[in-house]
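S.K.: Pasting the relevant annotations from TrEMBL:
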- ASP82, ASN120, HIS222, HIS262: Fe cation 2 binding site (BINDING)
- 44-265: domain 'Calcineurin-like phosphoesterase' (DOMAIN)
- ASN126: N-linked glycosylation site (CARBOHYD)
- 6-25: transmembrane segment (TRANSMEM)
- 146-168: transmembrane segment (TRANSMEM)
Amino acid sequence: MKMGVLTFSVRLMFLILCIFINGSFSKLERLGHPVTKSDGSLDILVFGDWGRKGGFNQSLVAHQMGIVGEQLDIDFVISVGDNFYDDGLKGDTDTSFEASFSHIYTHPSLQKQWYSVLGNHDYRGNVSAQLSQVLTKRLEMVLSQIFCLMLSPRLIYTFFGMVEFFFVDTNPFVKKYFTDPEDHTYDWSNVLPRKKYIYNLLHDLDLEIKKSRATWKFVVGHHGIKTAGQHGVAQELVDQLLPILELKIFLENKVDLYINGHDHCLQHIGSEGEIQFLTSGGGSKAWRGDIQPWDPKELKLYYDGQGFMSLRITHSEVKFVFYDISGNVLHQSRLSKKSKTFGLF
């Protein structure tokens with residue numbers, strides 16, 4: 001797919017607004033993605049924390065994703081980061097790319113566009129490798145239907161029209177990765193100076209959300225803002241990112257969903273009329289065996305195991321469903337734009 005503003009002879013299309021942030025420089029680009037369903041709906045699979053060369057039930061999760069993806073006739077897949085354990089990719093010829101990705105997600109229904117943020121484990125490798133066009137060419141050789149794998153630590157992707165997705169790099173917000181990295185080495189070459197990177201990201205995100213006229217607005221990041229999982233909330237995101245997401249226009253929340261991984265579980269936290277916080281980090285290793293205290297009125301689901309999530313989006317409603325490793329439905333809920341409420345099934 002060629003970068004730029006693309007025109008399609010379809011009733012509706014999405015555009016991806018890419019905000020490249022490198023120091024004080026920002027560049028906006030757009031990608032087009034047509035809506036192919038006659039009713040204008042959109043179906044997506046969402047998961048994260050997966051790349052373990054098929055181990056820790058990664059292959060079983062991938063198998064069920066393929067089955068559900070076929071049933072839903074999905075349009076694309078979103079990964080919420082930690083794409084390659086334990087330390088990202090070493091380079092664009094790293095065989096972990098095949099062992100953890102292209103040889104795992106082989107079901108025909110998954111041969112669609114993939115969009116991803118990076119997780120903290122990805123930053124322990126060569127970040128530029130996951131952005132390399134070499135990987136795209138390797139995908140085309142193995143799985144010709146995947147025309148582009150978007151993996152970026154510094155972009156915000158936005159789908160215009162019915163829904164906009166803002167993909168945010170949350171890793172630089174977490175101070176301990178810089179002040180107390182333990183035995184890990186992080187590739188911050190595209191991030192430093194950190195304060196300027198964060199300032200630019202927040203500035204551009206705030207600007208684009210304010211400009212948005214989409215019916216639905218979702219933000220995707222790796223780290224949790226509200227989570228009862230082992231890692232707990234990222235306080236830096238609560239302090240710096242959440243205020244932007246919670247700003248309201250005409251008495252309505254500007255952002256409807258915040259979607260993340262990092263905690264290896266499936267989770268739904270939210271109150272009626274407010275942002276819903278969804279965790280889908282069950283792509284492989286899970287079963288941590290612990291849960292932090294959380295208000296039961298807000299905690300709609302906490303599943304300490306492997307699985308994934310689907311989203312079905314229309315102009316009037318969003319439905320999200322959580323599945324376990326066997327494809328069983330663990331929890332499902334919906335948001336109605338008319339009433340801005342959610343309901344459990």
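Cβ atoms here come from the backbone N, Cα and C positions, even for glycine.
Note: TrEMBL annotation is automatic and uncurated.
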S.K.: For the domain 'Calcineurin-like phosphoesterase' (44-265), would you mind checking the mean pLDDT of the predicted model?
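M.R.: A mean pLDDT of 88 is what the predicted model shows over the domain 'Calcineurin-like phosphoesterase' (44-265).
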S.K.: Within 8 Å of the Cβ centroid of the Fe cation 2 site residues ASP82, ASN120, HIS222, HIS262, which other residues of the same chain have their Cβ?
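M.R.: Filtered neighbour residues, in order: GLY48, ASP49, VAL80, GLY81, LEU118, GLY119, HIS121, ASP122, THR170, ASN171, HIS223, GLY261, GLY281.
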S.K.: Can you tell me the CA-to-CA distance separating HIS222 (Fe cation 2 binding site) and ASN126 (N-linked glycosylation site), as a whole number of Å?
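M.R.: Per the Cα atoms, HIS222 (Fe cation 2 binding site) and ASN126 (N-linked glycosylation site) stand 18 Å apart.
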S.K.: Might you list, by sequence position, any residue in that chain lying six or more from ASP82 (Fe cation 2 binding site) with a Cβ less than 8 Å away from its Cβ?
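M.R.: The list for ASP82 (Fe cation 2 binding site) reads GLY48, ASP49, TRP50, GLY51, GLY119, ASN120, HIS121, ASP122, HIS222, GLY261, HIS262, GLY281, GLY283, given in order along the sequence.
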